[in-house]
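Per Swiss-Prot, the features are:
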type	residues	note
BINDING	Ser33, Thr34, Val35, Gly36, Ser37, Gly38, Lys39, Ser40	ATP binding site
COMPBIAS	296-322	compositional bias 'Acidic residues'
DOMAIN	432-620	domain 'VWFA'
REGION	272-322	region 'Disordered'
Amino acid sequence: MIAFTDIVGMDLAKQALMLLAVDPSLGGVVIPSTVGSGKSTLARAFADILPEGTPFVELPLNVTEDRLIGGVDLEATLASGQRVVQHGVLSKAHKGVLYVDSLSLLDSSAVSHIMDAMSRGAVIVEREGLSEVHPADFMLVGTYDPSDGEVRMGLLDRIGIIVPFTPVNDYRARKQIVSLVMGTRNEEDTQDELRMLRGIIGAAREQLHHVSITNEQIKGLIQTAISLGVEGNRVDIFAIRAAIANAALNQRTEVDDEDLKLAMKLVLVPRATRMPEREPNPEEMAQDEPPPQEEQPQDEAEDQNAPPDEADSDADEEQEETPDMIEELMMDAVETELPDNILNISLASKKKAKSGSRGEALNNKRGRFVRSQPGEIKSGKVALIPTLISAAPWQASRKAEQAKKGIKSTAALIIGKDDIKIKRFRDKSGTLFIFMVDASGSMALNRMRQAKGAVASLLQNAYVHRDQVSLISFRGKQAQVLLPPSQSVDRAKRELDVLPTGGGTPLASALLTGWETAKQARAKGITQIMFVMITDGRGNIPLGAAYDPNATKASKEELEKEVEALALSIQADGIASIVVDTQMNYLSRGEAPKLAQKLGGRYFYLPNAKAEQIVEAALS
């Protein structure tokens, strides 16, 4: 295994891990990067620089709830005749490190338990008559590939440092990596370097409580967080602690500008939702000033000083009339009144579910243990207490029967096949909302601002319920997946904010892309899926246009047949739908309502719609 000091490059990530070693109250370090970048090797090597005896526990992705938080050790309990408690992975990481590779793929139930443990510093085990509290105060180190999906925001909120980095591409560095792996390392030199580094970190831990930071520096970090659009006071505290930890690592008693810059780089910038605009310097302003002009007649001067929108309106109209020109229109989302429960209403129309339990389903493998039922050992996890209770009344008769047969049994209990009880769990199977936003030229003429606002409000509703979202835009010749299924609502909003518009309306491509995304999600265990289509419903680009330049033209009947065939297939597949119509009344020919009918979904008219009107329409 490669040691921490032998790893080439990745300086920022190594520095982040060293800060965590100095101040465990930073919560943890998350390292997102592509496959083969060395992130997992670095994370595992983190154990080298921790104090001797510090637990370093790796969490498998397929961990069960019993192994994660602990419970009754069935084998030991049956052998001893007394209940034996088994500690889970989280409590084994107490005062140490919990490492998770492919963090974004970790089961949502496991993520919830980790979040709870990080908040409490302990794990509460309550199951099968057992109620215990196990200490679980640990640092979390996670690595993942962003292409696999995003890490749950609630978990990232509890982790101080996020360090994205790219694979080493410098020739000399890559040659050094190859030589290191293929050659012979001097183990003695490596151990000397590790001892030295552990000594530096130990000294920094002692120095940590002697480092001071001024009110002005704290104010600067907070103002930076605000300007970057970073929300939450917890992040401010993480940034302050990171700056202090770096000062301690460098054996300083006061935080300086370098410490503040590093804290911003590791804590604030990765969480930024916007980037502040740089103010032009005096030289740039001087260069931008127009040269002095000769005096002109007043009327002519007034014409030249007219607002750009008015002065260039004729030119703009001429450009809009050019058919070969695709105009990019960037618009900001604005508030739109849509009911908070619009998603719940439409889900209820497909599948009746109790409030607060959206997407929950019973299974034999994972989730919260709710009850037991008769079954075979191979079909699930044995419910120990119910099994023992079922077997207890028959012990005397079973032992007597064995005695008649001349069988001597030393077993404390004789458990029959009919006594076995299997655990039943309730787990959130997950709800995926696939937002399909029409970004064609016709949308730009209608209500793109309101459409973006509508999606933003629906995204917020999905965030509250911890659902997954996917964002698909369709314009030009085909649809494009801007965001694969993810719990990162913030990322979806960022993609939405910069969504360009223009070109044709490949409605059939949008339906096909959404359907393929839904199929992939189902293969990963997501059972409830909903389409949210923001469109005027006026498709004019056939499916083949993305592959065949000659297929851009099709008759209205052919286009309608494509859309109808896909819509009916999607409805037959049990996917719920909402169609939000953005068309103006005087232009509408009823395309969006027809689309909603073919999908078997709910229809809402966006312009001028009020929340109560949409709710009434959904319930009617």
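Yeah, the Cβs are placed from backbone N, Cα and C, and that goes for glycine too.
Note that the structure is predicted; figures quoted are calculated from it, not measured.
Regional average pLDDT for the domain 'VWFA' (432-620) in the model is 77. Cβ contacts within 10 Å of Ser40 (ATP binding site), excluding its own Cβ and spanning all protein chains shown: 17.
Each of the binding-site residues Thr34, Ser37 was scored by other CB atoms within 10 A of its CB, and the lowest score goes to Thr34.
Ranking the binding-site residues Gly36, Gly38 by the number of CB atoms within 10 A of their own CB puts Gly38 at the top.
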